[in-house]
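According to TrEMBL, the protein carries these features:
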- Gly17, Asp79, Asp80: Ca(2+) 1 binding site (BINDING)
- Asp39: Ca(2+) 2 binding site (BINDING)
- His359, His364, His507: Fe cation binding site (BINDING)
- 2-118: domain 'PLAT' (DOMAIN)
- 117-619: domain 'Lipoxygenase' (DOMAIN)
- Trp103: site 'Essential for stabilizing binding to COTL1' (SITE)
Amino acid sequence: MPSYTVTVATGSQWFAGTDDYIYITLVGTEGCSERTLLDKPLYNDFERGAVDSYDVTVGENLGELELVKIEKKKYWVQDDWYCKYITVKTPSGDYVEFPCFHWLVDDKEVVLRDGKALLPKDDKTRLVKQHRHKELESRRKTYRWREWQPGIPMSIDANTHKELPRDIQFDSEKGVDFILNYSKFMHMFQSSWNDFADFERIFVRIKNTISEYVMQHWKEDFMFGYQYLNGCNPVMIQKCTKLPEKFPVTHDMVADCLEREMTLEEEIEAGNIYIADYELMEDISPNSTDPCTLQYLAAPICLLYNNSQSKILPLAIQLGQTPGKDNPIFLPSDGQYDWMLAKIWVRSSDFHIHQTVTHLLRTHLVSEVFGVAMFRQLPAVHPAYKLLLPHIRFTIAINTKAREQLICEFGIFDKVSVHNRNPKALAITLTLNLICRFPSFVWDVVCIYYDSDDTVQKDEEIQAFVKDVCSFGMQDLDCCGFPKSLKTREELTEYLTVIIFTASAHHAAVNFGQYDWCSWIPNAPPTMRKPPPRQKGVVDVKFIIQSLPDRGRSCWHLGALFLGMYPDEHFIEKPVKEAMESFRKRLAEVSSVIKIRNEGKKLPYYYFSPDRIPNSVAV
């Protein structure tokens, strides 16, 4: 009688193994096997990290294998099981791979297709077409859209992490990491620090090379300007082609700082003047969840100068959007503490824009939109699903945790941060930059499955995915810039590249620098406890210390910076594996160049080094 050898791999994460009964049914073009219990006498099957093999005997050859059905039934108490993959050796000696990467919970069954990626047009039999349809039908019931806050991208319909589908919840290790990272500095004290040196009492526990350098040089203008290009929020600086009327800086104000014997207007025309405008902070209400401490916001404008040594230095700072007598323009020539406090206010506003827009919105929330739409519209057999899944991993989970614990009302962000969760601060833009390494790899994968632009246009699943992102995830917002359909392979490549880049390199650039640049709290205050000064000459060091976060908020802030790739093989095709290997080699070359470039530098920049970039935002 024909015999098939079934190999089952159990996941290696905590609690992945099971003592429940596991049954398998093999389904082929010529018939299906009996429902078979996978069990070895006197052997503990399906332990964590195990790879077990079993023989399944059938009455006759099943033909070409199409599906594998796995069922889990309770033995004593319900015991969840994580199945990585199943490999079947046929009587003819061929091997068929069935990637799984699913949790089986309760008395649940999973029906798997073989690992070959296929577009809808490539499905030939009624059985696999039906499986494809049922998978998406089930997913759309499970992954539902919900508006969490007006004016921002839609999220998954779940209030807590436990309400999420088991497959997208954190693995136990990841969940523990998330909790522990927020408990390292959770000591709430309402008193102020005594002086700047006093901040070192908590800083000493987390310092590293860059953060120590920041601590030593944060007061200096070069460090202030350096962060606009190399800090964790390198998106605010813009070339100034004309001074806005709301920021009436004159040549006489800044003449002493200009080095090229040119007027301010000539420096602007020469392209040496830049501006950072925090207009998004205007009219946002300060956080009032703590009745014991008043908190304040500002919407500053900062003028910057590219000097003759190619250093970016601050020229002028206005702490509000409306010029006037009670909104002076602070200058480097002002008193030491006036200028220091003006720069601190800019750094505080930059922190809020970074956290809410650059980091939360443009990486986490946008990636979740792609993730929810992917689960709703792309079956596991679709090549785009296999390509994107590693970049969506745990994204929905970490965002749900954040909504549950971090950015909810009275959550950690309320404790540490001064601004309310105002939709205005989440204006949507998505820039394409620094992605030249990604398109070539994505193009290689796209061309393996799409032989023409017509194939893209006729792929109803990819078109439904794109439409779901725009029409539901982004709620058809005019400013979102996402297309509702794709017409060419080039457009598909660019679209998939944006998703991968956003979740990996973009997130790495704006996330991992937080530890370096924000851990020294005076350089990135999450809250200010005194209002912006309305005149010059009234500020001293005591006033500045009293303006900065108190001891408690400093500790909460540092805890929030400790936000932590599992290499699941979803593609089995040789051409894709070759494309991946080629991509890895190119990235390794980039990493090597970056390492050499950073050698000996006091302030190395490694956030874009591929060997330091995780696949997804959930780190």
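Every residue, even glycine, has its Cβ placed from backbone N, Cα and C.
Neighbour counts were taken as the number of other C-beta atoms within 10 angstroms of each residue's C-beta; across the binding-site residues Asp39, Asp79, Asp80, the minimum falls on Asp39. Sitting within 8 Å of the Cβ centre of Gly17, Asp79, Asp80, and not among those site residues for Ca(2+) 1, are the Cβ atoms of Phe15, Ala16, Thr18, Asp19, Asp20, Phe46, Trp81, Tyr82. Here Trp103 (site 'Essential for stabilizing binding to COTL1') is positioned 28 angstrom away from His507 (Fe cation binding site), judged by their C-alpha atoms. When pLDDT is averaged over the domain 'PLAT' (2-118), the result is 93. Of all the recorded positions in the list Asp39, Trp103, His364, the shortest Cα-Cα distance to Asp80 (Ca(2+) 1 binding site) is found for Trp103. Once Cβ contacts within 10 Å are tallied over all protein chains shown, the binding-site residues His359, His364, His507 are led by His507.
On its own chain, Gly17 (Ca(2+) 1 binding site) has Thr10, Phe46, Glu47, Arg48, Gly49, Ala50, Trp81 as residues at least 6 apart in sequence with a Cβ closer than 8 Å to its own Cβ. Taking the Cα atom of each, Asp39 (Ca(2+) 2 binding site) and Trp103 (site 'Essential for stabilizing binding to COTL1') are about 19 angstrom apart. The two recorded residues, Trp103 (site 'Essential for stabilizing binding to COTL1') and His359 (Fe cation binding site), have Cα atoms 30 Å apart. Shown for the domain 'PLAT' (2-118): DSSP residue counts in helix, strand and coil, namely 0 helix, 60 strand, 57 coil. Of all the Cβ atoms in the protein chains shown, 22 others lie within 10 Å of the Cβ of Trp103 (site 'Essential for stabilizing binding to COTL1'). Between His364 (Fe cation binding site) and Asp79 (Ca(2+) 1 binding site), the C-alpha separation comes to 32 Å. A Cα-Cα distance of 37 Å separates His359 (Fe cation binding site) from Asp79 (Ca(2+) 1 binding site).
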